Amino acid sequence: MATPQQPLLTKTHKQNSIISFKILTFVVTLFVALFLVVFLVAPYQFEIKHSNLCKTAQDSQLCLSYVSDLISNEIVTSDSDGLSILKKFLVYSVHQMNNAIPVVRKIKNQINDIREQGALTDCLELLDLSVDLVCDSIAAIDKRSRSEHANAQSWLSGVLTNHVTCLDELDSFTKAMINGTNLDELISRAKVALAMLASVTTPNDEVLRPGLGKMPSWVSSRDRKLMESSGKDIGANAVVAKDGTGKYRTLAEAVAAAPDKSKTRYVIYVKRGTYKENVEVSSRKMNLMIIGDGMYATIITGSLNVVDGSTTFHSATLAAVGKGFILQDICIQNTAGPAKHQAVALRVGADKSVINRCRIDAYQDTLYAHSQRQFYRDSYVTGTIDFIFGNAAVVFQKCQLVARKPGKYQQNMVTAQGRTDPNQATGTSIQFCDIIASPDLKPVVKEFPTYLGRPWKKYSRTVVMESYLGGLIDPSGWAEWHGDFALKTLYYGEFMNNGPGAGTSKRVKWPGYHVITDPAEAMSFTVAKLIQGGSWLRSTDVAYVDGLYD
């Protein structure tokens, strides 16, 4: 029997070593298990947690990798909610764009080709615009309302359009030079931002108010009164007249003198006459209205074109990107002619813009509805190839869209819509309009086929509804861009049209083409839905329909 000072069981040195080894083995095994949990299971749990944030992304793995980068750089944590991640992602995107600007400027300073310098100038302008749009979107997201969601979606759609436009302009550059601008990365980030936005907020489901006799609600009551007035009676802030009876002799001078970032409407009245100039309403010139003496009396004319060295973007006779832009009772034309190819008369990238009772004349690429929300009413647009193109969210009502006689071997395309991502809130809607032939086309209409449109980009979206289609429209209705490009991903629709060109029995059989029979589907392309008209155009006496005719 052991004494009180001795253990009941004595252990040898060898036994103690075995026990220590087992404990060490257990600790190592536990550490390895924890390692596997952290480095194998945790990423899986992270992916599960944030998969909803990236569920609408075209490349969900890329989207998740961007989120992972934010966490790795301690910009957000793995517990951050989707809204916080989106805002930080947008802040970092601004940083990326600001880094790209000096790179583009440096490339521009290293080349001598005028056309390429022009393209890079366009890119610099578009990058500056995009920085502002992303910053505005961050502020809108913070407000967490449905109307602000619609604003952010429109602005971020514009950012993606800006980047794609820049890339299109650089098509003649070497791949190495394009890679240096980081444009592919910016485009990817813009697409992911739209996908994140779609997952963290609820789209605006606007309530429609029946009736006619109103302008979309984003026109204020003061703007309504202005739009009811003639130019000479409007009480303009500035008057332009060629004969010296106004303060300015050119529209460009008057626009330059207008206040920057005005919170109230600033009106420029342009007296009758023909003004040969190119005019740009920059992003700083907000809430600007330009009004003339009528679409046949006040004419702004230019002739810049691609053949002579301009970029398509910069060829516009009048370009407007300042928010809240209104153009009324005026003609904008580009007289370059069909032999000069792309030659824009009017380019609009101004959010919540209104073009009312205007004439827009050119041939190829007449009206560049570039981006943001736009409304056209009682206007007259002429052209040949792709004469309404771009990636705005735009509605035309009570307009005449007039196909002209094109050049030899050419065909007329009324639209060429440029949506590049399904999360973009963009598309072209033609409602209560007449699509007809010009006097010079009528005698030879059978020699030059005219189509409602063709897909400029992969997710092109255009709807023609409740409109008159003249006999100039080819029975197939729509044309290919190149082979089967975009035929499965586009959305082209027709709803309740009339006229000799409105029959759909011989229309194209593409997967993306729709003869719309459900009014609820057509409603998505109305003023209230496509451009959220109920939230930014107040009631006016100018005829307007927010939904469909009964």
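Placed from the backbone N, Cα and C atoms, the Cβ positions cover glycine too.
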Exercise. Which single residue out of Q333, Q342, Q424, Q431 does Swiss-Prot record at the substrate site shared with T312, R454, W456?
Worked result: Q342
Exercise. Which cysteine out of C358, C433 is the one Swiss-Prot pairs with C399 in a disulfide?
Worked result: C433
Seminar exercise, completed: For the disulfide-bonded residues listed (C331, C433), most other Cβ atoms within 10 Å of the Cβ sits at C433
Problem set entry | Cα distance (Å, whole number) from D365 (active site, proton donor) to R454 (substrate binding site) | 13
Exercise. Hey, does DSSP put C331 (disulfide bond) in a helix, a strand, or just coil?
Worked result: strand
Exercise. In terms of Cα spacing, which of the recorded positions C331, Q342, C399 are within 10 angstroms of N179 (N-linked glycosylation site)?
Worked result: none
